[in-house]
Structure formats: C-alpha cells, structure tokens
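**Q** A single structure is presented below for examination.
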Amino acid sequence: MRSATLLLVSCVLLSFILGNVKEVEAVLKPMDQCGRKDIFLGGCGSNGSKTCINDFVKKGGVAAKPSSCECDDFGEEHLCRCYVPC
C-alpha cells in the first residue's frame with residue numbers, strides 16, 4: 001500500500017512539473033515570432049533594446065521591426081537577439 005501511494009504522489013508531482021515547464025516555454029517565445037540574431041557596430045547605449053530595434057529597421061526596413069530585443073556589448077560591436085514576425 002505504501003509503494004502504491006508513493007507511486008501515485010510521484011505521478012501527480014511529475015504531472016505538475018511538466019505542465020509548468022510547458023507554460024513557461026510558451027511565455028518565453030510567442031508562437032508567431034521567430035528569433036533573429038545580428039551583430040552591429042557601436043555599443044548598446046542606455047537602452048539596448050531600442051538600439052537593436054532601430055538597427056534591425058535600418059537594415060531590413062519596417063517589415064523587419066522586432067517586437068522585443070536584448071543587447072550585449074562586445075568591444076566596439078553589440079549583439080542583438082530579437083523576436084520578429086515569422
């Protein structure tokens with residue numbers, strides 16, 4: 001009886017954990033968005049997200065405008081990681 005209870009509790013806990021992981025993944029990346037990375041000259045500045053959005057628009061036009069970005073400085077360049085419409 002003890003082992004059956006332990007098995008049941010383990011299955012319930014595993015179910016909650018797996019369900020939570022799927023919810024977190026859904027929040028992290030919208031389904032209609034694709035990730036893009038690119039390196040640009042200069043630094044991120046005080047608002048790196050806005051810098052990256054402007055860099056992508058300059059490179060690819062308004063159609064390439066990302067919805068959100070992260071910016072990392074690398075010497076005289078910066079790396080932009082953004083989500084754009086697929």
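Positions of Cβ are set from backbone N, Cα and C atoms, glycine also.
Fair warning: this is a prediction, and the values are worked out from it, not measured in the lab.
Here's the feature list from Swiss-Prot:
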SIGNAL    1-26  signal peptide
DISULFID  Cys34-Cys86  disulfide bond
DISULFID  Cys44-Cys71  disulfide bond
DISULFID  Cys52-Cys80  disulfide bond
DISULFID  Cys69-Cys82  disulfide bond
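Are these features on the surface or tucked inside, and what are their neighbours?
**A** Over all protein chains present, the Cβ of Cys34 (disulfide bond) has 12 other Cβ atoms lying within 10 Å.
Spatially close to Cys44 (disulfide bond) yet at least six residues away along the chain are Thr51, Cys52, Cys71, Asp72, Asp73, His78, judged by Cβ distances under 8 angstroms.
Cβ neighbours within 10 Å of Cys69 (disulfide bond), excluding its own Cβ and spanning all shown chains: 22. Cys69 (disulfide bond) falls within a strand when secondary structure is assigned with DSSP.
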**Q** Nearest of the disulfide-bonded residues to Cys34 (disulfide bond) by CA-CA distance, picking from Cys69, Cys80, Cys82?
**A** Cys82
**Q** Let me make sure I understand the structure: which of the disulfide-bonded residues listed (Cys52, Cys80, Cys86) has the fewest other Cβ atoms within 10 A of its Cβ?
**A** Cys86
**Q** If one looks at the chain holding Cys82 (disulfide bond), which residues at least 6 apart in sequence have a CB under 8 angstroms from its CB?
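**A** Expected: Gly35, Arg36, Lys37, Cys52, Ile53, Phe56, Pro66, Ser67, Ser68, Cys69, Glu70.
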**Q** How far is it from Cys80 (disulfide bond) to Cys86 (disulfide bond), counting Cα to Cα, in Å?
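**A** A Cα-Cα distance of 17 Å.
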